[in-house]
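Participant: Per TrEMBL, the features are:
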- 92, 116: Mn(2+) binding site (BINDING)
- 330-349: transmembrane segment (TRANSMEM)
- 369-392: transmembrane segment (TRANSMEM)
- 459-478: transmembrane segment (TRANSMEM)
- 490-508: transmembrane segment (TRANSMEM)
- 520-538: transmembrane segment (TRANSMEM)
């Protein structure tokens, strides 16, 4: 209730363009608020705000504020870091580093929890769990962080967008845990403050002693000296000529600051730990439209490429710093987007060849056919077994396979192109956040397990082209086989094409059967049809 009250007042101030008298509870706050507020105050250009407003309880002071039963409340501090259009703010990593410094000045607690704004605590016993690990003499010397799997509420029954990311957040994390520990995934993670200030044996001394991990704060958080220092370390120019973001704190240089920070910490010699209690420690929201799912994944992929092709690349620097197995484990994610290459080839080339009656796979009578089938079934069988043993269902597994193909044809492909263009100096779209705004109609369709397209986007073009080409090639060869034509050499291509057709059923429905706001945008369908025809004639000439 206190938060919602504060949110309403902040939004009202932004809309009105001034701080009204009724929002100020004393003369000191009156002067502070009006001295900071100017007409140029905006989301991307404003001073640091660490404001004490006792009436609205924006800050809870543990020395005096109590709950309704009289128990003292913990400190609760509202921080808005300084921003300037002329200074880079490094997105989420920059915000985390400001919080790291401000919290050091005010309390300097040794344990830090990082949490996304759409996640909330689901188990009050979690702090006790993590303190058992951080207090273990066998672990605490080099234990940097404890990562909990991201789990979500509000998923529809069959998780049509594979938003659980079961392998990323759980299955593979257990494998990482058998080595040096899981990677940091951005939320639901407890850090030892000391781990963010240099390696276990090579600490990085802070610029001021108040930021050191052993500093003891002896003054109240509301004292003028503490607040002045907190404003100073939250300034947008404070990090100039320092090691913040490179040697200490959360690391800059990638849109996936979580992956990059966890990787760099483990390269420095720190270890991590995966904690997966039966009751979810934290729960969060998921995007409920396909566009938001793919946009989020595209941002991740660009950030992963930024790590893969940096001087701290996971194959060379990683293998030298943490060993070959951990290097390969991190490389599996850092090179995630290159899956677009085989997925795109398998989605188009066999089908175009099929349209032109050209076989490119082994025939049923050839020995290579059985090897190919064995590898295909073995890979899918292992994936299915891992998924089901972790509590997944057959429908969820199938949807995970569908989304893997969709991501390969959209966000993996577009992120690779965007990163390539960015690398050669061609400007691309900037950072964008994933929308978590819930529309009633979208929410209803998501609950019913219906794919939501709606927003026109180039991300949908390769997917729609693949759906059209696969459907026509499958129907054409199926018709020819029924008419008695010999299609023995096309068997594997038929199986592959048929599986893609099944995966694309939501696309066909969105193109021709639906009339709601979530259907495939008409312009995407038209563009994809022209591209499909062009690809067919081009393949006919080549083949």
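A Cβ is built for glycine as well, from the same backbone N, Cα and C atoms used for every other residue.
TrEMBL does not curate its annotations; it predicts them automatically.
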Participant: Quick one: find which recorded stretch in 369-392, 459-478, 490-508, 520-538 has the most Cβ pairs under 8 Å with the transmembrane segment (330-349).
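Facilitator: Looking at each of 369-392, 459-478, 490-508, 520-538 in turn, the most contacts to the transmembrane segment (330-349) are made by 459-478.
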Participant: Sequence-remote contacts (6 or more beyond its ends) of the transmembrane segment (369-392), Cβ cut-off under 8 Å?
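Facilitator: Distant contacts of the transmembrane segment (369-392): 166-167, 170-171, 361-363, 400-401, 492.
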Participant: So how many other Cβ atoms are close to residue 92 (Mn(2+) binding site), meaning within 10 Å of its Cβ?
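Facilitator: Neighbour count, Cβ to Cβ under the 10 Å cut-off: 18.
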Participant: Are there any residues at least 6 positions away along the chain from residue 116 (Mn(2+) binding site) with a Cβ closer than 8 Å to its Cβ? List them or say none.
Facilitator: 186, 187, 284
